[in-house]
Amino acid sequence: MAAATAAARRVLLALAVLAACLGAAPRGADALRSLGVGGDKAADGDTAVDLDASNFTAFLQASPESFAVVEFFAHWCPACRNYKPHYEKVAKIFNGPDAAHPGTIVMARVDCASKVNVELCNKFSVDHYPYLVWGPPTKFNLAQWKPKQENSELELIDDARTADRLLKWINKKMGSSFNLDDKKYENESMLPKNASDPEQIVRAIYDVEEATAHALQIILEHKMIKPDTRDSLIRFLQILVAHHPSKRCRRGSAELLIDFDDHWHTNLSSLQDSSTLLKSAGEKICGNGVPRGYWIFCRGSKKETRGFSCGLWVLLHSLTVRIGDGESQTTFTSICDFIHNFFICEECRTHFYEMCSSVSVPFKSARDLALWLWTAHNKVNERLMKEEKDLDNADPSFPKIVWPPKQLCPLCYLSSSKTADGAMQVEWNEDEVFNFLVNYYGKMLVSSYRETSMESLLQVTKQVGSISDDSSASSAATVPIGAALGIALASCTFGALACFWRTQQKNRKYYHLRSLKKI
């Protein structure tokens, strides 16, 4: 039985990884580390991302930023070495956790003197160093590009000899007013207004990953997994495996679940010492490099506003619009128990659990649960609006409002008026509200990265490491059609095998208890 159980667990892990997410490539500037490159080569303090032929396309395709600047250089070039401090000076205001304007521009570098990058540099017609190319990150995936090429969104930056001139070129191109002296949480007038631009929610996928990883990090750091809380965490992770909007968070949740009983047993009187065993795994629930340390959609204009609480709300909304009707009640109890046991703000979790406790009739549809959470969120906003008004500590760029505002969903409003104390009173069209929630938190909030089944298999077995000058430029392998069909079959059988594995775990504990009784 032990051998069969071990085999089943190994099979389940492989299938969970493949089925939960055929795609686990990293996103954002910190994705470099999870691709396994740059860490050894990049100098301490560098914020520009060092890329090579092995990760260039995947990294840029998955970047949340609107634009990218890629510097093609040669490490032996004296002019490139002299230019690096200028490039880094600009990169520091856009890249990394201390950036003044994160999520706007990703700045990367490619060393054309490395043999593995020769073909990549030729593809971009690099004929001098340093050579800077500008454009949307997703547009860098092409067969060949030449400067002044017609109908191309890429552009050669022709005036970037100093940091001032490079930033001046960027400002002219974007119609912006970035400054080399900009600091984090200063000059926030350019923050996107989520209440008036529905497209901004697309960028929230990175904040949902950030919130998921941050939540688990808090749980582990504060040793919150105990005999009376472990089951609620298991149930919440099961929902994440099936319905998290990020593919790599689904995969990470599955991996964490599979090893859960090995580290947090039900028969332990104290589980606090076990937290360190899975600390590294917990930090990788949404991939290496997450949490990144900064927010994009959920970024406030002040350090103490928005951030984690915003990201957690977006995650919960995204779960309620992805479940089936038959999962509505279990999802409701899992969310309530998770907040009650693991949200570290005592006042917040008390208020939330009071709203949970007021529900007297079980949920029978996903629609009812999605609308309940939306109503609960608006109740929280109304309470905080009053508190922030009294304390004068609201975020000036993102004040609490009734959600959704008319700019985002005019059809959601049947009528609206203001009470004597200035509060908004709305008669809602709940059918339109539900349609809005499904589209906003469901269809628009999805993983942006698309990965081939071959890349998924490689991610399961190993991380792609840095390629040295002596390495071959190509290390590709092929996947037979049968293997691809096997992956598809794995996705269909994942649920059944998960049930089988849980049954085996219970049987193992049952026989263990029987043997103890006989003794």
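Here the Cβ of each residue, glycine as well, is placed from N, Cα and C on the backbone.
As recorded in TrEMBL, the features of this protein are as follows:
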SIGNAL    1-31  signal peptide
DOMAIN    36-175  domain 'Thioredoxin'
DOMAIN    301-398  domain 'ERV/ALR sulfhydryl oxidase'
TRANSMEM  481-501  transmembrane segment
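Secondary structure of the domain 'ERV/ALR sulfhydryl oxidase' (301-398) per DSSP (helix as H, G, I; strand as E, B; remaining residues coil): 69 helix, 1 strand, 28 coil. Along the domain 'ERV/ALR sulfhydryl oxidase' (301-398), the predicted structure has mean pLDDT 89. The domain 'Thioredoxin' (36-175): residue composition by secondary structure is 46 helix, 24 strand, 70 coil, according to DSSP.
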